[in-house]
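Student: A single structure is presented below for examination.
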Amino acid sequence: MSDRVEVNERRSDSVSEKEPARDDARKDVTDDQEDAPPFMTANNARVMLVQAIGGSLNGYSIGFVGVYSTLFGYSTNCASFLQENSCTTVPNADCKWFVSPTGSSYCGWPEVTCRKEYAYSSPAEMPGALARCEADSRCRWSYSDEECQNPSGYSSSESGIFAGSMIAGCLIGSVFAGPLASKIGARLSFLLVGLVGVVASVMYHASCAADEFWVLIVGRFVIGLFLGVICVACPVYTDQNAHPKWKRTIGVMFQVFTTLGIFVAALMGLALGQSIRFDHDGDQKVMARMQGLCVFSTLFSLLTVVLGIVTRESRAKFDGGEEGRAELNPSEYGYVEMIPRLLMGCVMAGTLQLTGINAVMNYAPTIMGSLGLAPLVGNFVVMLWNFVTTLASIPLSYVFTMRHVFLFGSIFTSCMCLFMCGIPVYPGVSKKLEAKNGVAITGILLFILGFEVCVGPCYYVLTQDMFPPSFRPRGASFTQVAQFIFNLIINVCYPIATESISGGPSGNQDKGQAVAFIFFGGLGLICFVIQVFFLHPWDEERDGKKVVAPAIGKKELSEESIGNRAE
């Protein structure tokens with residue numbers, strides 16, 4: 001009994017000694033909020049520069065997939081070119097100009113041109129042409145164009161590998177992102193990302209020139225390794241260096257600039273792809289256009305190298321550092337203690353990825369093409385909307401808590417997947433093609449609105465706020481690993497699954513797309529229910545250790561001293 005009383009006395013002493021410090025900390029935070037500098041200060045601008053360059057490189061790498069795949073499809077589709085010189089200069093296909101005695105000359109393939117071999121002259125003949133087309137392994141039926149076509153571009157498995165290769169690299173890179181950023185610091189992390197990005201971009205150019213798919217995949221994997229690092233390093237740097245009053249607002253900018261990078265890729269695709277004159281009698285230089293798309297990847301990588309040279313090192317250090325910098329103890333919390341929050345990080349990652357955003361981002365040209373728009377025009381519309389809607393997250397981050405905005409976005413995007421993009425698109429639900437396409441396109445735009453205003457920007461802030469300051473690099477790294485696992489599953493499986501559910505390449509692709517979005521919506525609703533009950537940002541008073549030995553000669557960095565509460 002006496003031992004127990006003695007322990008209680010010691011505990012009460014330690015608490016009483018600590019409470020004045022906490023009161024002082026809260027007072028300091030209040031003073032910091034009242035005396036906060038304007039938003040546009042030199043220090044905040046430096047932090048925003050990190051978000052701008054890191055986010056833009058990340059976004060362009062994401063948006064690169066759909067545009068490059070579409071341009072590559074043009075470079076392998078002989079049927080698109082209507083004049084002899086443009087036909088014979090197609091870079092990645094063995095196209096031949098056929099001269100017909102009747103005057104209907106055309107560009108086709110030496111072995112078989114499916115649209116000519118299985119042509120039909122009346123609607124009554126279409127079922128027979130479809131059956132003969134499907135019986136020929138060299139051809140596939142297009143339900144949107146209602147004709148037999150030669151396969152062009154990447155197959156569904158190649159598309160999945162192309163989209164998933166960078167994500168596989170990001171998955172591996174994010175495993176080491178937290179420890180790496182803590183050990184070598186932010187500046188060296190950015191420098192390494194930029195240098196590796198330049199190497200990967202050179203591989204893009206080489207792959208384009210030689211039409212070597214494996215070189216492209218290796219380049220994507222390599223840049224993914226260090227994009228996994230930057231997706232952790234940029235939010236952590238912002239959390240540690242932005243002024244507490246503006247930390248949340250600057251934090252959402254990583255997603256804003258990610259969407260800007262995606263938009264730049266879409267804009268380049270529109271400029272390079274829509275300017276191809278298929279009916280012009282001359283070389284359309286499709287390969288040069290593909291090379292032009294790769295140039296911006298090189299540019300953003302070089303800017304990241306410059307960022308690593310000119311940016312300041314983080315104010316927070318782990319286990320030592322320069323005098324005057326806040327010190328964090330990485331051993332304060334272990335993975336076992338953080339299991340509940342790590343699991344909630346996985347659920348957040350599920351909301352981010354398993355509701356289908358990357359299916360929309362990577363396959364927007366294909367999806368919008370199947371809904372009646374020109375692929376690159378549809379892609380541009382989607383990505384422009386994607387960027388514009390993200391801007392609304394900046395003022396919202398200062399008015400509402402990150403948790404509330406994230407939860408609203410979770411339920412909203414899930415409902416859009418189910419009731420706008422999924423069920424109405426399923427064959428037989430809508431008898432009018434225009435109505436089906438109109439509802440689906442509206443659903444995709446509303447889905448992007450909810451994701452980019454609410455889910456995406458808040459996610460990167462919550463990956464910090466979910467964990468205590470000393471655990472944030474490791475916690476954010478773990479959450480990013482989960483996010484990239486889900487991302488990889490979606491990118492690789494989406495094209496393969498939709499094609500298989502549709503009944504193969506010649507099946508009605510609307511069926512597979514509808515089932516996929518119904519699946520996304522269902523998973524999103526499950527994640528939403530879990531998050532309503534268990535998603536709560538870290539609160540030092542509520543969640544922190546109640547008994548902590550005072551550190552001698554060290555500056556403790558608590559939640560109150562590095563940022564305002566998110567809830």
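Including glycine, each Cβ sits where the backbone N, Cα and C put it.
Copying in the features that Swiss-Prot gives for the protein in this structure:
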| type | residues | note |
| --- | --- | --- |
| REGION | 1-38 | region 'Disordered' |
| COMPBIAS | 1-30 | compositional bias 'Basic and acidic residues' |
| TOPO_DOM | 1-46 | topological domain 'Cytoplasmic' |
| TRANSMEM | 47-67 | transmembrane segment |
| TOPO_DOM | 68-160 | topological domain 'Extracellular' |
| TRANSMEM | 161-181 | transmembrane segment |
| TOPO_DOM | 182-189 | topological domain 'Cytoplasmic' |
| TRANSMEM | 190-210 | transmembrane segment |
| TRANSMEM | 213-233 | transmembrane segment |
| TOPO_DOM | 234-249 | topological domain 'Cytoplasmic' |
| TRANSMEM | 250-270 | transmembrane segment |
| TOPO_DOM | 271-289 | topological domain 'Extracellular' |
| TRANSMEM | 290-310 | transmembrane segment |
| TOPO_DOM | 311-341 | topological domain 'Cytoplasmic' |
| TRANSMEM | 342-362 | transmembrane segment |
| TOPO_DOM | 363-366 | topological domain 'Extracellular' |
| TRANSMEM | 367-387 | transmembrane segment |
| TOPO_DOM | 388-404 | topological domain 'Cytoplasmic' |
| TRANSMEM | 405-425 | transmembrane segment |
| TOPO_DOM | 426-437 | topological domain 'Extracellular' |
| TRANSMEM | 438-458 | transmembrane segment |
| TOPO_DOM | 459-480 | topological domain 'Cytoplasmic' |
| TRANSMEM | 481-501 | transmembrane segment |
| TOPO_DOM | 502-514 | topological domain 'Extracellular' |
| TRANSMEM | 515-535 | transmembrane segment |
| TOPO_DOM | 536-567 | topological domain 'Cytoplasmic' |
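A description of the local structural setting of each listed feature is requested, covering burial, neighbours and distances.
Tutor: Among residues of the same chain six or more beyond the transmembrane segment (47-67), those with a C-beta under 8 A of the stretch's C-beta atoms are 162-163, 166, 186, 190, 193, 197, 223-224, 227, 230-231, 233-234, 237-238, 241-242, 250, 253-266, 268-269, 272-273, 293, 296-297, 300-301, 303-304, 307, 311, 358, 361-366, 376, 379, 383.
With a cut-off of 8 Å between Cβ atoms, the residues of this chain six or more beyond the transmembrane segment (161-181) that come close are 61, 65, 69, 154, 189, 213, 216-218, 220-229, 231-233, 236, 358, 362-363, 473-478, 480-481, 483-485, 487-488, 491-492, 495.
Here the topological domain 'Cytoplasmic' (182-189) has a mean pLDDT of 76 out of 100.
For the transmembrane segment (190-210), the residues of the chain that approach it from at least six positions outside its boundaries are 50, 53-54, 57, 184, 216, 218-220, 222-223, 225-227, 229-230, 233, 287, 290-291, 294, 297-298, 300-309, 311, judged by C-beta separation under 8 angstroms.
Cβ atoms under 8 Å from those of the transmembrane segment (213-233) belong to residues 54, 57-58, 61, 158, 161-162, 165-178, 180-181, 186, 189-190, 192-193, 196-197, 199-204, 206-207, 297, 301, 304, 460, 473, 476-477, 480, 484 of the same chain, restricted to positions at least 6 beyond its ends.
Counting same-chain residues at least six beyond the ends of the transmembrane segment (250-270), those with a Cβ under 8 angstroms from any Cβ of the stretch are 44, 47-48, 51-64, 66-67, 70-71, 234-235, 238-239, 242, 292-293, 296, 300, 361, 364-365, 376-377, 379-380, 382-384, 386-387, 390-391, 393-394, 397, 452, 456-461, 464.
Listed as Cβ neighbours of the topological domain 'Extracellular' (271-289) (distance under 8 Å, sequence separation of 6 or more from its ends, same chain) are residues 67, 70-71, 74-75, 80-86, 89-92, 208-209, 374-377.
Same-chain residues lying 6 or more positions outside the transmembrane segment (342-362) and placing a CB less than 8 Å from one of its CB atoms are 62-63, 65-66, 163, 262, 335, 382, 386, 406, 410, 413-414, 417, 421, 444, 447-448, 451, 455-456, 459, 462-463, 466, 475, 478-480, 482-483, 485-487, 490-491, 494, 516-517, 520-521, 523-524, 527-528, 530-531, 534-535.
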Student: With helix taken as DSSP H, G or I, strand as E or B and everything else coil, how many residues of the topological domain 'Extracellular' (426-437) land in each class?
Tutor: 5 helix, 0 strand, 7 coil
Student: With an 8 Å cut-off on Cβ pairs and a sequence gap of 6 or more, do the transmembrane segment (405-425) and the transmembrane segment (515-535) reach 3 or more such pairs?
Tutor: yes
Student: When the topological domain 'Cytoplasmic' (459-480) is classified with DSSP, how many of its residues are helical, how many are strand and how many are coil?
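Tutor: Once the DSSP states are binned, the topological domain 'Cytoplasmic' (459-480) shows 19 helix, 0 strand, 3 coil.
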Student: Same chain, outside the topological domain 'Extracellular' (502-514) by at least 6, Cβ under 8 Å from its Cβ: which residues?
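Tutor: Distal contacts: 130, 133-134, 140-141, 143, 151, 156, 367, 370, 421-427, 436.
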